[in-house]
Amino acid sequence: MEPSPATGGSETTRLVSPRDRGGAGGGLRLKSLFTEPEEPLPEEPKPVEMSFHHCHRDPLPQPGLTPERLQAQRQLCAACAVCCVFMAGEVVGGYLAHSLAIMTDAAHLLADVGSMMGSLFSLWLSTRPATRTMTFGWHRSETLGALASVVSLWMVTGILLYLAFIRLLHSDYHIEGGAMLLTASIAVCANLLMAFVLHQAGPHHSHGSRGAEYAPLEEGPGEPLPLGNTSVRAAFVHVLGDLLQSLGVLAASILIYFKPQYKAADPISTFLFSICALGSTAPTLRDVLRVLMEGTPRSVGFEPVRDTLLSVPGVRATHELHLWSLTLTYHVVSAHLAIDSTADSEAVLAEATSRLHSRFGFSSSTLQVEQYQPEMAQCLRCREPPQA
């Protein structure tokens with residue numbers, strides 16, 4: 001083999017003719033060239049490992065629903081299918097029994113179907129990525145779905161309470177005790193099945209990715225609160241209210257079956273247990289309104305967060321501290337940290353962010369570090385907000 005002029009510092013192999021060098025013979029021979037590169041090849045740029053206090057503490061969320069929300073979607077789909085089947089049965093049974101209580105229970109199941117479908121839509125909508133208009137994404141659609149569920153139950157219950165009141169004033173109705181008893185028994189079984197499907201036995205979350213997985217928050221060290229998915233929680237409370245009413249309807253049907261003269265038990269049971277259904281939605285409505293009003297999360301106190309920031313070495317004061325939520329489990333914090341002139345701002349930012357994440361599980365934190373000035377103590381805008 002014979003070397004040939006290098007054309008780029010790489011290994012080449014080619015066939016050459018001896019005639020090219022004036023030699024005799026017409027055969028071809030193999031020629032190989034091994035030369036060292038004149039200059040080292042440029043290396044590919046490697047990703048830079050960001051420091052642990054960088055704002056993106058969690059890995060990039062995968063497209064689609066998280067495992068928790070997939071579980072919520074399966075629960076809602078199964079409960080919605082059960083609800084549709086037994087709602088149709090209650091409509092037929094209530095019509096045959098001439099029972100307002102049975103029809104009211106069927107109307108509650110209709111409200112359940114609507115609220116669950118709304119919750120499923122909100123779960124799908126919440127997977128859409130953030131945009132320049134919706135910079136936080138669509139997470140709060142889950143909260144709006146829970147609000148729609150509660151409001152729908154209140155509207156239907158108000159109509160049923162009115163009809164029950166009319167029946168108490170006028171006794172010109174007849175009820176088939178046997179058909180009412182059978183339908184009420186089936187309704188109780190249906191609500192028990194839906195409650196079992198929607199029941200969240202415990203938190204299915206990852207402690208390492210609270211923001212992406214919407215894991216429950218915690219106040220200080222210890223186990224997190226099993227809050228669960230907002231939409232499933234609202235649907236579960238909704239079904240519990242229906243179960244209470246179904247039990248009342250069952251008791252009324254037994255009474256009417258054996259004592260037909262006590263047919264007034266039908267509107268009375270509707271009246272009493274509709275009020276119970278309204279009361280069962282009060283905690284969910286309170287939590288939803290707190291989120292929509294951007295109030296401080298119930299599981300995180302203003303004073304503990306403030307004291308945690310002040311305990312960071314180098315921090316002299318804190319102001320503009322804001323705590324709010326996008327959902328019941330997606331909590332956000334922002335604050336200004338006034339530090340000593342000798343403090344390292346990067347170290348302070350790293351320590352403060354780490355403490356907020358580990359102690360309170362904030363999904364997003366925005367901290368502004370600035371030099372402490374004596375006049376901050378007299379600044380009206382730097383003062384803490386008063387107690388509510």
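If you go along the chain as it appears here, the first residue is 1 and each next one adds 1.
Using the three backbone atoms N, Cα and C, a Cβ is placed for every residue, glycine included.
These come from TrEMBL:
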- 1-48: region 'Disordered' (REGION)
- 76-100: transmembrane segment (TRANSMEM)
- 78-293: domain 'Cation efflux protein transmembrane' (DOMAIN)
- 146-166: transmembrane segment (TRANSMEM)
- 178-198: transmembrane segment (TRANSMEM)
- 235-258: transmembrane segment (TRANSMEM)
- 300-372: domain 'Cation efflux protein cytoplasmic' (DOMAIN)
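Most Cβ pairs under 8 Å to the transmembrane segment (178-198), among the stretches 76-100, 146-166, 235-258, belong to 235-258. Sequence-distant contacts of the transmembrane segment (235-258) (same chain, six or more residues past either end, CB-CB distance under 8 Å): 76, 79, 99, 101-102, 104-105, 108-109, 111-112, 115-116, 119, 149-150, 153, 175, 177-178, 180-181, 183-185, 187-188, 190-192, 194-195, 198-200, 265-266, 268-270, 272-274, 276-278, 280-281, 283-284. Secondary structure of the domain 'Cation efflux protein cytoplasmic' (300-372) per DSSP, as helix, strand and coil residue counts: 25 helix, 28 strand, 20 coil.
As a whole-number mean, the pLDDT of the domain 'Cation efflux protein cytoplasmic' (300-372) in this prediction is 92.
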